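**Student:** For reference, Swiss-Prot lists these features for the protein:
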- Asp35, Ser36, Arg37, Arg38, Gln39, Val40, Gly41, Gly42, Asn43, Cys44: FAD binding site (BINDING)
Amino acid sequence: MAVYNYDVVVLGSGPAGEGAAMNAAKAGRKVAMVDSRRQVGGNCTHLGTIPSKALRHSVRQIMQFNTNPMFRAIGEPRWFSFPDVLKSAEKVISKQVASRTGYYARNRVDLFFGTGSFADEQTVEVVCPNGVVEKLNAKHIIIATGSRPYRPADIDFHHPRVYDSDTILSLSHTPRKLIVYGAGVIGCEYASIFSGLGVLVELVDNRGQLLSFLDSEISQALSYHFSNNNITVRHNEDYERVEGLDNGVILHLKSGKKIKADALLWCNGRTGNTDKLGLENIGIKVNSRGQIEVDEAYRTSVPNIYGAGDVIGWPSLASAAHDQGRSAAGSIVDNGSWRFVNDVPTGIYTIPEISSIGKNEQELTQAKVPYEVGKAFFKSMARAQIAGEPQGMLKILFHRETLEILGVHCFGYQASEIVHIGQAVMNQPGELNNLKYFVNTTFNYPTMAEAYRVAAYDGLNRLF
């Protein structure tokens, strides 16, 4: 058994692990990275964020070709199979792996591929694919092993027609009809992707509203666009059992309804990847979702062991995970990079996409904050008209007395990019966070960004 000594060992090479390893390495620490896959990037790169967003991009291009009158003059609509579209995602994954492998090499982070588990509070044992065991001693260890889809024991995920958000990438055909169980972020994104490929989608939601954490107006807009694009949403429904057939699947609901489709995609919940870490050897406990509890410094109940990313739960976003990992390492190296990551933008890559930051109307009303609303509808924006993307809006919530921006909510073309302008202003201290910034700033024309000026004027016109 080979033995190595490090200042910091990071378990998991997803966004959280990468952020942690890079920060520690740049602070002069000797760092090792352990990942169970033979390539870096974690589930984000190989199974989650990157492939699903690459799929979405390709599907949007197909949709634009099939609906744009200019392209219709060239030829007939074209339809692509899911495996064909997936090829573009595979190319992006390869490029991401190459880039990230280079990051570790340039920063002299040692990579170990294999299953890592705790022998004690300062020792990680890595079982390599060839069976060799390597022992890593470390002053500090950061757990960033991510999460995986939750799989109820009563559902046969080995059935060839039953998938989760990891295994859906192995789908070898394009179903005519698909059941998506779970209308969270992942479920809504995949519902959009398959709908864009011409698949009839049944989206089963066990709640009464899509993505209820969003501003209600944005949630309602998403519901409208879903119903307008071959996505049937069934609210307040819970599964009773899943019946696998030779040529499809039947979902039995507790309400007595039955839905038959060519395949079922399970998108209801995620579980932290902690079961193989040997946490029982160091006294760290996990909750019912397999997640680790940490304090504001991202420290676990064991002082020299930290956690970051999906494995600690909320907000389970790749962007936040990277910052959490960087902050966890910042707590170790004490270079001023620590911060508690709590106010992050939400990006939801449905078609059209959604992004938001700050408070929504429901929260401000409940808190009795005197706010006002400014809106800009994309159908009136020159850039949206040029791009043929008239659906959507930008919504700014601000304090009617101080003009402080309290929340920004965007639905439509480039929403996940547009939101960062509002985020930058909201992060300014004191009176610099002011709605009038958008009135007094010159925006390029035509751009989607100028929606901020339109929305600001709309909001100011509501004041009296």
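Including glycine, each Cβ sits where the backbone N, Cα and C put it.
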**Student:** Determine the Cβ neighbour count for Arg37 (FAD binding site): the number of other Cβ atoms within 10 Å of its Cβ.
**Tutor:** 17
**Student:** Does DSSP put Asp35 (FAD binding site) in a helix, in a strand, or in coil?
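**Tutor:** Looking at the DSSP assignment, Asp35 (FAD binding site) belongs to a strand.
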**Student:** According to DSSP, does Gly41 (FAD binding site) fall in a helix, a strand, or coil?
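**Tutor:** SS state of Gly41 (FAD binding site) = coil.
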**Student:** Can you give me the same-chain residues 6 or more apart in sequence from Asp35 (FAD binding site) with a CB-CB distance under 8 Å?
**Tutor:** Gly12, Ser13, Gly17, Gly42, Leu111, Phe112, Phe113
**Student:** So if I draw a 10 Å sphere around the Cβ of Gly41 (FAD binding site), how many other Cβ atoms end up inside it?
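**Tutor:** Other Cβ atoms found within 10 Å: 25.
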**Student:** Within a 10 Å radius around the Cβ, which one of these binding-site residues has the most neighbouring Cβ atoms: Gln39, Asn43?
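**Tutor:** Compared across Gln39, Asn43, the most Cβ atoms within 10 Å surround Asn43.
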